[in-house]
Amino acid sequence: MTSTIKIGFLGFGTVGTGTVEVLTENKDLLTERVNAVLEVEKILVKNKTKSRTTQLNQNFISDKLTDDPEEILRNQDIQIVVEVMGTEEPALSYMKKAIKAGKHVVTANKEVIAKHGEDLTSLAKNNGVNFLYEASVAGGVPVIRPLKACLAGNTVKEISGILNGTTNYILTEMEEKEAEFNEALKKAQELGYAESDPTDDVEGFDAVRKLAIMTSMATNSTVLPEDIYTEGISGVTKEDLQFLGDHGYKIKLLGQTKINGTEVESRVAPTFLPCDNPLSSVSGVYNSILIKGEPVGYLTFTGEGAGKEATSSAVLSDIIEAARNGKHSNNFNGWSKNNFYKILDKEETSSLFYLRLVSSNPSQTEQEQKVNKSEIQNLLNHHGIELQQLDKKSSSNGKQELFIITELAKEQNVQNAISDLQDKSVELINIIRGDNSNGGR
Ligand SMILES: NC(=O)c1ccc[n+]([C@@H]2O[C@H](COP(=O)([O-])OP(=O)(O)OC[C@H]3O[C@@H](n4cnc5c(N)ncnc54)[C@H](OP(=O)(O)O)[C@@H]3O)[C@@H](O)[C@H]2O)c1
């Protein structure tokens, strides 16, 4: 006789509803694949009386909904708990309680994983249960399982990814429609791609959580979001996109980690990358992650990084893994406090740089304000910075601006040069770093 595995859901919003719908619609297929019936036993919500848009039977829903977490956490029949509530608390406490009660836990919560991945995976190991989090990075794009299983025999050397669909949509819109950042953000909000408070997405906080999770897994150590230099896209202008576009580059919000022995270079920042980099052609709300492993070489994973359908696919893959593992725990702990990697300071790293400069001395006449190309070139050379491009352009307010692309240069040297330029009343309007990896080429 086929056995039944009972599942408790913590949360029934976008991801929870999508996952329960597929569990119901694909019941026969899943029973065959798992060799057990997967049955939703209870679903925790905040507000039981809220109206819910779903094709699920309303009687089924009202029978399953509860606003008491203990109905799931203390229910001895429930073997798998799926946490899709979001935010740190009470999600973290509920997950710990479920693990201690001997239940497998599946979660999509990148905020909790990025901060507490080490504690939760250790707790799961000590309690002999599975703790799975495929949906916490890049929604429907499978990348956690490949890192944990398919690439387990590799040394990961590089991870480079478009990890946030909202910012990728905004940058694509700015590039294709020659729109300013605020116009593109407004459109993203109208289409439901950006929250009314878009800070987490546009300032890179969402992307850095995902990069911290992957970097921890790639190094078997604990890398926290606050260890990683993070810069958002709100300072990118259409002039930056145009100039770099004219010279064969695209700007993407990239999360990049490069691992060299025990040294790690990691950052989330708007980054210009050549058009032949596979990540350059990823547009709109898509996510894409490029991983370089040894011996495998470069691999690219691309798909929808958010949304009901895509994310439920990742959550389901974890439910299936937990159900198939049954009483066997998943022994691999992606995190460890014991392995030591040095995360390099930004100043210790090197990149290509794009610099946009303007003369800022208000006492100068317009003629005097014209920035002197050769003087600036000499100053940059003096700091060991060689140039690929140096162009003069008039801005809309009549001022002359210098647009520069450097060869590979040390961050510290560039910062010193910027400081010397300021002493000569030349202001930095913008600085964008170039692709730090070999980009699959
Ligand atoms: N949405 C995506 O595309 C996506 C993609 C990848 C990962 N994720 C992650 O998946 C998780 C869920 O996201 P979501 O978009 O599905 O969230 P959501 O639509 O806001 O749904 C949250 C659900 O949790 C319930 N809930 C929240 N706080 C609660 C509390 N204190 N007690 C009881 N129930 C509570 C809510 O109840 P009510 O229904 O009563 O309000 C709701 O059902 C988050 O960690 C998110 O980062 C989401």
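Each residue, glycine too, has its Cβ placed from N, Cα and C.
Any TrEMBL annotation is an automated prediction that lacks curation.
Other C-beta atoms found within 10 angstroms of the C-beta of G11 (NADP(+) binding site) number 23, with every protein chain shown included. For L10, G11, F12, G13, T14, V15, G16, T17, the entry in TrEMBL reads NADP(+) binding site.
With helix defined as DSSP H, G or I and strand as E or B, the domain 'Aspartate/homoserine dehydrogenase NAD-binding' (11-134) counts 59 helix, 23 strand, 42 coil. The annotation domain 'Aspartate/homoserine dehydrogenase NAD-binding' is assigned in TrEMBL to 11-134.
Using a 10 Å radius centred on the Cβ of K110 (NADPH binding site) and all shown protein chains, the other Cβ atoms total 24. TrEMBL lists K110 with the feature NADPH binding site.
What TrEMBL records for 142-320 is domain 'Homoserine dehydrogenase catalytic'.
Sequence annotations record features per position, and here TrEMBL assigns L-homoserine binding site to E195. Proximity of E195 (L-homoserine binding site) to non-local residues of its own chain (separation of 6 or more, Cβ distance below 8 Å) is seen for Q189, D201, given in sequence order.
Among the features that TrEMBL reports, active site, proton donor is placed at K210. Neighbours of K210 (active site, proton donor), defined as other CB atoms within 10 A of its CB across all chains, total 28.
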Going along the chain, which residues six or more apart from G16 (NADP(+) binding site) have their CB under 8 A from its CB?
F9, I43, V82, V84
Taking the centroid of the Cβ atoms of L10, G11, F12, G13, T14, V15, G16, T17 (NADP(+) site), which other same-chain residues have Cβ within 8 Å of it?
F9, G18, T19, V84, M85
Among the recorded positions T14, V15, T17, K210, name every one whose Cβ is found under 6 angstroms from ligand 1, counting any of its atoms.
T14, V15
Under DSSP, is K210 (active site, proton donor) part of a helix or a strand, or is it coil?
helix
If I restrict to non-local contacts, at least six residues apart, and a C-beta distance under 8 angstroms, what lies near F12 (NADP(+) binding site) in its own chain?
V20, I43, L44, V45, R52, L65, V84
